[in-house]
Amino acid sequence: MENRSSSGTPRPSAGSPDAAKRPSETSPAAGRIPAGQNGSSGDKKRKVTEEGEASEKSEPPADRPMSKRKRMEERHQKLRKRGRTPPSAYSRRDAEAAPVPNRNRDDPANRSLSPLPHRSPTPEEQPRQRKRPGGGARMGLVDRETLRRRQEERERALVEEAMRTSQGRGVTDVVRQHYNAVPQRGREWRKTESKIKGLRSFNNWIKSTLIQKFSPDEEFLARLNDGRDWADDSGPPPAEEKRLLVVDLGCGKGGDLGKWQLAPQPVELYVGLDPAEVSIVQARERYNSMKSGRGNRGRRNPLFHGEFAPKDCFGEWLGDIGIVQQVGIDPNAGPGGSVMSSRWGGGGFDVVASMFAIHYAFESEEKARQMLRNVAGCLKKGGRFLGVCPNSDIISARVVELNAKRKAREEQEKKEKSDEAPEDGEVEEDTKLEWGNSIYRVQFPGKTPEDGIFRPPFGWKYSYFMEEAVEEVPEYVVPWEAFRALTEDYNLELQYRKPFLGIWGDEKDDRELGPLSERMGVRDRNTGELLMTEEEKEAANFYHAFCFYKV
């Protein structure tokens with residue numbers, strides 16, 4: 001039997017080998033003290049027990065179990081010595097799934113014991129083809145060629161669009177700079193010193209005739225011309241009954257302000273627009289002079305309210321001008337608008353005028369359509385579009401005539417030089433056409449159609465010169481039939497078209513316009529003769545006038 005101390009710790013017996021090896025710990029005789037000298041026997045037992053506990057703390061017995069923490073530390077140390085990383089707390093979560101061996105279903109050992117027929121593998125189990133980088137872009141030569149052609153077409157379209165935009169800005173800037181540079185001359189100079197005073201007066205009379213005949217609305221004209229059309233036989237309407245709202249595209253220096261003040265149906269609002277900023281300033285100054293009473297010359301109608309703004313009327317939308325927005329402009333005018341808008345919609349203006357200006361819009365189809373969209377958008381139903389522009393019939397006749405003469409001359413030269421070889425460096429004959437006289441000149445820089453039909457109808461540029469007025473400014477042919485067909489897309493119906501000299505023949509004896517021509521210095525009061533030279537008549541015949549109705 002083992003002897004136990006008071007603390008319950010087992011103690012080896014006297015005959016065990018441990019007792020022989022450590023006599024100081026187990027033998028009572030090794031540290032025995034005589035009784036009665038240093039305390040009682042209980043004190044001796046307590047002292048021996050405390051010494052045994054101290055020795056047990058310093059050296060644990062070999063058979064005492066090791067703690068779990070210490071075992072883990074020793075294990076980690078061994079793994080580090082072998083070059084392996086000990087597992088972390090996340091080793092189970094992050095451990096990769098063990099690869100599942102590819103089982104051969106044909107092997108009888110791997111075959112399922114189910115009596116049901118074997119099911120085909122699901123799409124997820126089928127092997128997937130690997131996609132190589134850029135594999136979708138690899139295609140045949142035909143597809144690559146198609147893509148290349150499309151890319152080239154897109155790039156070419158972008159370049160052409162950029163060129164058209166830059167060229168459009170260039171022509172507009174040239175025209176703007178030219179009219180900004182034209183000096184302001186007074187009325188006295190135009191009547192006495194001008195070389196083309198007869199042509200100036202005649203052109204002003206033509207514009208006055210157009211305003212007198214076509215600016216009033218149908219109701220006003222019916223009451224003015226024939227009171228019997230009305231049940232009450234009231235005669236001409238009073239001036240305050242209905243007044244006109246007018247917008248002038250290309251108003252210049254305001255030379256037509258007086259003509260609009262003399263309109264049969266009084267004007268309530270006049271909006272003048274022009275791309276030349278200097279011209280707008282001068283037009284505003286002329287209007288302020290008329291408003292203050294200077295140069296009014298006793299006109300019967302009160303002066304209308306006038307608004308002026310610089311604007312490219314053919315290359316830009318007019319809807320961002322404040323006064324135009326207030327009066328009203330239809331953004332749906334034209335072929336892209338809705339059916340209801342074209343039938344019931346419209347702007348708020350009674351008249352849109354454009355004198356000697358619309359030929360600048362025929363640089364391109366885009367500009368021509370933008371011009372007509374502005375016109376149709378401003379006009380109310382029944383409104384009028386008045387204007388004058390170069391006569392394409394005159395231009396075509398001249399082109400056919402000059403091309404025929406050039407062709408005959410070339411054939412004659414070929415017959416004369418049929419045996420002669422062309423010399424080195426010989427330049428081909430210039431194909432440009434030119435005609436005019438001392439006061440005006442028209443010149444086409446390149447080839448022109450021999451039959452006089454301009455196809456396509458846009459972009460046929462020529463240079464025009466007019467003494468004291470226009471200095472070699474680029475203009476564009478307005479092929480009339482193409483223009484008339486284009487206006488139908490904007491609900492504009494042609495009502496009137498006449499060359500300048502034809503208007504004179506029709507209206508010179510009118511009871512109102514005849515005396516007006518005498519007051520304006522167009523006709524001699526005594527002889528009735530037209531006060532223009534033959535060269536001025538030729539220059540005047542280059543133009544014609546027109547009027548469209550908004551339907």
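Backbone N, Cα and C atoms are what each Cβ position is placed from, and that goes for glycine too.
Note that the structure is a prediction, hence the values are computed from the model and not measured.
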Same S-adenosyl-L-methionine site per Swiss-Prot - residue from ASP274, ASP330, ASP393 joining LYS207, GLY250, ASP312, MET355, PHE356, ALA357, TYR360:
ASP274
Are any of GLY250, LYS253, LYS259, ASP312, GLU475, TYR543 (the recorded positions) within 10 Å of HIS359 (site 'mRNA cap binding') when you go C-alpha to C-alpha, and if so which?
GLU475
Here's one to test understanding: among the recorded positions LYS259, ARG286, TYR360, whose C-alpha is closest in space to the C-alpha of LYS253 (site 'mRNA cap binding')?
ARG286
List the helix, strand and coil residue totals of the compositional bias 'Basic and acidic residues' (141-152) as derived from DSSP.
12 helix, 0 strand, 0 coil
List nothing but the largest Cα to Cα distance in Å, as a whole number, among the residues LYS207, GLY250, ASP274, ASP312, MET355, PHE356, ALA357, TYR360 that the record says bind S-adenosyl-L-methionine.
22
Sequence order is fine: just name those recorded sites in LYS259, ARG286, GLU475, TYR543 with a Cα within 10 angstroms of TYR360 (S-adenosyl-L-methionine binding site).
GLU475
Given the binding-site residues GLY250, ASP274, PHE356, find the one whose Cα is closest in space to the Cα of TYR543 (site 'mRNA cap binding').
PHE356
In the compositional bias 'Basic and acidic residues' (408-420), how many residues does DSSP assign to helix, to strand and to coil?
9 helix, 0 strand, 4 coil
